[in-house]
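For reference, Swiss-Prot has these:
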- R106: active site (ACT_SITE)
- E109: active site (ACT_SITE)
- S132: active site (ACT_SITE)
Amino acid sequence: MSFASAPTVPTNTSHYADLPAASSALFQAKARRGLTFDQIAKAIGKDEVWLAAAFYGQARFTEDELITVGEVLGIGSSELVSQLGSHWWPNRGLGPMPPTDPVIYRLYESVLVYGHAIKAVIHEKFGDGIMSMIDCKINVERKEDPKGDRVLLTFDGKFLPYARW
């Protein structure tokens, strides 16, 4: 496994201050086991981006998923369930605005630069409405390119027309 792809624990944890302690335990166990989000996600039948969002407290595990994740990571699932079980709800929207992390800032910048253009094209193709982030799948792929590998992001969101009344 190359250094660039080795699972790690993020070094700056200030933006995790409002997350349950279980989130930190999940990241540490993932790094200790040397597993990727994709490997863990497959164990519970989820996508790697969804699983990463759940680690960051932005998506909600079921109790069965918490038990399986605990088994895969070798950590006590009873502690995970007690912190992230059916009584817990995500507080979505993590981090400062504007973002300070370079990767997250570039995603933010892409919406600042291309947001209105994307919106206009969505309206031309679908009509007056929005793309759901609730009913959405996100995929991250690596695309080889002679000028340097590229990041291919796919947002597969359900179109929701605005209601008329």
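Note that Cβ sites are derived from N, Cα and C of the backbone, with glycine treated the same way.
Counting every protein chain shown, the Cβ of E109 (active site) has 12 other Cβ atoms within 10 Å.
Every protein chain shown contributes to the tally, and the Cβ of R106 (active site) ends up with 11 other Cβ atoms within 10 Å. In this view, S132 (active site) is surrounded by 13 other Cβ atoms within 10 Å of its Cβ, with every protein chain counted. DSSP assigns S132 (active site) to a strand.
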